[in-house]
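Enquirer: OK, Swiss-Prot features for this one:
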SIGNAL    1-18  signal peptide
BINDING   His19, His105, Tyr190  Cu(2+) binding site
DISULFID  Cys116-Cys120  disulfide bond
BINDING   His179, Gln188  O2 binding site
Amino acid sequence: MKSAIFAAAVLGAAGVSAHGYVSKAILDGKEYTGYLPYEDPYHNPPPERIFRKIAGNGPIEDLTSIDLQCGGWQNSGSAPAPLTAEPVTPGTVQKLQWTTWPDSHKGPIITYMARCPGDCSEYEPGTDAVWFKIAEDGKHDDGSWASDPLINDVPYEFTIPEGLAPGNYIVRHELWALHAAWTYPGAQVYPSCFQVKVVGDGTQQPTNLVAFPGEYTPDTPGVVYDIYQNNEPYPIPGPPVWTPA
């Protein structure tokens, strides 16, 4: 009950402005503007992006919804973007800048990739198991969370795995907010997808592929977690991070 009362106060204070999305990516040093849900649809023609459309700055709470994949609408949960980023090199650090993030919205940050069978601008994964996890960060030993640096507008950094075979890929990046996750539904997932071309001489193809929706259920460890009263380590949802052999 205490968790519910405290979270209600947090939610009331935070309001809609507490929500967010990826506003830009810096990939191999080149800057790409994210999909801007409150600007792009009102341009004629809309600007072409490497990011797939999102409905707005709000979260996904229904883990069975196709919107969980990339944050789109029900009829186009991961509608392809018209552009693909210029080639990126495995082993390099990439950066994602979020809009201002509230300090009440604690949670993990998880990043996946999926190989496109051809041009990513013509590919929708649907519910196929095509995703592999490349990075995750959750609750730290000192009680801080992966999401905390975003409060100060610090970009999130991740690395394209070394050894990954060249090709066209979708990067699926998600931020969780657990301020109401003591029950299901309650956890808020903020997914974002963009398209990249990986180059290099890598030969490895990940296994242990998962689907979105499909991988997360109400019973998945980490989906229900009381950040106000649970002092145990946080189990990050999803499969293990893929590690090249």
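Each position is counted from 1, following the chain as shown.
Note that Cβ sites are derived from N, Cα and C of the backbone, with glycine treated the same way.
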Enquirer: Expressed to the nearest Å, what is the distance separating Cys116 (disulfide bond) and Tyr190 (Cu(2+) binding site) at their Cα atoms?
Expert: 22
Enquirer: Please name which of the binding-site residues listed here, His19, His105, Tyr190, is nearest in space to His179 (O2 binding site), Cα against Cα.
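Expert: So, of the listed binding-site residues, the one sitting closest to His179 (O2 binding site) is His105.
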Enquirer: Measuring Cα to Cα, how far is Tyr190 (Cu(2+) binding site) from Cys120 (disulfide bond) in Å?
Expert: 21
Enquirer: Cys120 (disulfide bond) to Gln188 (O2 binding site): how many Å between their Cα atoms?
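Expert: Checking the Cα atoms of Cys120 (disulfide bond) and Gln188 (O2 binding site) gives a distance of 27 Å.
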Enquirer: Which is it, of His105, His179: the one of these binding-site residues whose Cβ has the most other Cβ atoms within 10 Å?
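Expert: Counting every other Cβ within 10 Å of each candidate, the maximum falls on His105.
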Enquirer: To which of the disulfide-bonded residues Cys116, Cys120 does the lowest count of other Cβ atoms within 10 Å belong?
Expert: Cys116
Enquirer: When neighbour density is defined as the number of other C-beta atoms within 10 angstroms of a residue's C-beta, which of the binding-site residues Gln188, Tyr190 has the lowest density?
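Expert: With the binding-site residues Gln188, Tyr190, fewest surrounding Cβ atoms within 10 Å: Gln188.
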Enquirer: Between Gln188 (O2 binding site) and His105 (Cu(2+) binding site), what C-alpha distance do you get in Å?
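Expert: One finds 9 Å between the Cα atoms of these residues.
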Enquirer: Under 8 Å Cβ to Cβ from His19 (Cu(2+) binding site), same chain, six or more residues apart: give me those in sequence order, or none if nothing qualifies.
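Expert: The list for His19 (Cu(2+) binding site) reads Gly56, Asn57, Gly58, Pro59, Tyr190, given in order along the sequence.
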Enquirer: Which secondary structure state does DSSP assign to Gln188 (O2 binding site), in the simple three-class scheme?
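Expert: It is in a strand.
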